[in-house]
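Undergrad: This is the structure, below, for whatever I ask next.
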Amino acid sequence: MSKVVTRFAPSPTGHLHLGGARTAVFSWLLARHFGGEFVLRIEDTDMERSKQEYTDSILASMAWLGLDWDGEPVYQSRRFDLYNEYIDRLLAEGKAYWCECSPEEVEAMRETARARGLKPKYNGRCRERGLQGGEGRVVRLKAPLTGKTVFTDLVKGTIAFDNSELDDMIIRRADGSPTYNLAVVVDDATMGVTHVLRGDDHVNNTPKQILLYEALGLPVPEFGHVPMILGPDRQKLSKRHGAKAVIDYKETGLLPQALVNYLVRLGWSYGDQEKFSLDELIEKFSTDNLSRSAAGFDPEKLQWLNGQYIRETPDDQLAGLVRPFLAETGYGQIDAAFLTVAAGLYKERAHDLVELAAAMKPVLCADDALEFDAKAVEKALTAEGRGHLAALRQAFAACADFDGHTAHEVLQRYVADNGLKFKAVGPPLRVALLGAMGGPDLSAVMGLLGRERTLARLDRAAAL
């Protein structure tokens, strides 16, 4: 196989959304699987809606997801001269023509066709008139009037369009700017793109683009159209389904590898395997396993998967990842070694970094700033519970050395010597140390806090 070149071509009229990100992931994986190239094009010809802030956001989102691209991004807004060269060639070769029909006249033609039960389209009035350029005139491609345009879609199989139903599409607008389909064809050809993966809302553009490739004598890439992502109600995914822009998922504490894994599984499968490393995805990815059916977005499954990735992240790496989220709540300067242990203690139940940062607060806060849950205090800090805490305080203070292992031994000995069950001492100790009934292993918590802070918290609980 010759070198595979894929592309991702977002429009900077908004932030990168999940559908676009999935397309980018599929295209990136296909290129990396074959050791090819993945190129990036910014389709910014809509001058009114395109904004630099969206371009920056898209590039940042791609980088965060780990989707590196080859070469520099190509910007359509800087290539108008190139597009016009190709349009002028089509005009010179008689494969395109000038048209003076107004939008109102074209709409009237379409209405007439509808009334006759025909495909609504431009009727070719200017096709053979030999007009020259002039104010208000557009350039149209001479599409074949008979036959079919057929291509083998990498996802959907063979797709055929009757040429009689295709328009003589506009390739240059009256203001001199190229249209979407013309620009895309010129770009993909000059960028060496061999495979185009995109959403199936582009299927109807494909025959038009194939006709342009053929008219220009350019090699036609392979096309694959993936079904859209649906919400739980089987409607097109939108914000009302809980979907966010990619940059928002970063800010809410998702790990990029979890989001990439989840997006890949929305439309691609490899047996029953759910979780993949990036290297596994590159090795196993194939367009043969892309689904023809639309996939449903499940935010709860995404959170579950992210939790799996959090638990597998080494504690020191996780500490670095969660630190920016702690900084937002005033805990950004925590000692690295302390934070590493704390992250390891709390990661088992966290689904995202925001949740992890919030859960860690009881061990990060100052001892005199620990917040107590009133119901937990009432339930656990009874006279009996306070008695156990007082006795345990004496035992902890008397230890020659103090760490998590020592704390565990003291607890075990106290329970055994007094004929107790752990549930008699666990809840009051947990409330004293963490302010609530839930949390990680108590011995590990005391090892993290150290003797001085453990005793300080026991003293504060005794004074409640």
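Each Cβ is built from the backbone N, Cα and C atoms, and glycine gets one as well.
Here the structure is a predicted model, which means the values were calculated and not measured.
Per Swiss-Prot, the feature motif ''HIGH' region' maps to 10-20. According to Swiss-Prot, the Zn(2+) binding site annotation covers C99, C101, C126, E128, on the basis of sequence analysis. Among the features that Swiss-Prot reports, motif ''KMSKS' region' is placed at 236-240, with the record citing sequence analysis. For K239, the entry in Swiss-Prot reads ATP binding site, with the evidence type sequence analysis.
Walk me through where these features lie, including what they touch and how far apart they are.
TA: Per-class residue totals from DSSP over the motif ''HIGH' region' (10-20), listed helix then strand then coil: 3 helix, 0 strand, 8 coil.
Of all Cβ atoms in the protein chains displayed, 24 besides its own lie within 10 Å of the Cβ of C99 (Zn(2+) binding site).
Within the model, the motif ''KMSKS' region' (236-240) shows a mean pLDDT value of 77, rounded to a whole number.
Cβ environment of K239 (ATP binding site): no same-chain residue six or more positions apart lies under 8 Å away.
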Undergrad: Applying the rule Cβ within 8 Å of the centroid of the Cβ atoms of C99, C101, C126, E128, what extra residues of the same chain belong around the Zn(2+) site?
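TA: Everything else in range on the chain: Y97, W98, E100, G124, R125, R127, R129, L131, R140, D168.
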Undergrad: Relative to the Cβ position of C101 (Zn(2+) binding site), how many further Cβ atoms are located within 10 Å?
TA: 19
Undergrad: Non-local Cβ contacts of C126 (Zn(2+) binding site) (under 8 Å, 6 or more apart, same chain)?
TA: Y97, W98, C99, E100, C101, R140
Undergrad: Let me know the DSSP-derived helix, strand or coil state of K239 (ATP binding site), please.
TA: helix
Undergrad: Have a look around E128 (Zn(2+) binding site) and count the other CB atoms within 10 A of its CB, chains all included.
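TA: E128 (Zn(2+) binding site): 9 neighbouring Cβ atoms within 10 Å.
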